[in-house]
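Everything on this sheet refers to the single structure shown next.
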């Protein structure tokens, strides 16, 4: 399995250019946060990595490399990169139970799909009464439960990399805390490389090792999390950090 995945000079376009020459490097055991406002190109960058661009959007330049060798996004999805999506409800077939979803995911990746394995993954993400959960349909579960189920699926995949696209969006504070605890646990136990897409600088401060700031389809600043919080250079980065500090009655040093 690869130890590093690199996005090199990715460019995306629809009727007009959307993403301009984005380069990112994911490394096993480290969390790279991709931050920026809505419409900055974060989710499109993730979609390009996985080969699931929306209709009408095409990649016009760039490549993806695994340990320095060019690779197709289709060869990464699921096997080498697990995904935790922004809207978990859209990721599940409403006609299938959680047992069917989990089992089919495992079988597609050549992983063990016995009930003991599925139960262990569900219990690992804090969903009580795994036997009952496996019988549930998506419409019978809350957003927080579905997000934890997506994390359980990522655990089952045992992929060396994870893309988590706004994993705490639209969740209440308690559910958000649980999801962040689970992501921390995965990093400690499995040490994948993680691309964490978020607009929440509190999430960045808690989980990230490195940060890339995106604005208008471009990476405007990259660095380790401590440097970025203590000495942001770009105006967009300074605005994000200042807004975060203001929540705690603090100001960014000039």
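Cβ atoms here come from the backbone N, Cα and C positions, even for glycine.
As recorded in Swiss-Prot:
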- 36, 37, 38, 39, 40, 41, 42, 43: ATP binding site (BINDING)
- 2-241: domain 'ABC transporter' (DOMAIN)
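Here the features listed in Swiss-Prot are placed on the structure.
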residue : record           : CB count, 10 Å
36      : ATP binding site : 24
37      : ATP binding site : 14
38      : ATP binding site : 7
39      : ATP binding site : 12
40      : ATP binding site : 22
41      : ATP binding site : 23
42      : ATP binding site : 25
43      : ATP binding site : 18
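In sequence order, 199, 214, 215 are the residues of the same chain, not among 36, 37, 38, 39, 40, 41, 42, 43, whose CB sits within 8 A of the CB centroid for the ATP site.
Summarised as a single figure, the pLDDT of the domain 'ABC transporter' (2-241) averages 92.
In three-state terms derived from DSSP, residue 42 (ATP binding site) belongs to a helical segment.
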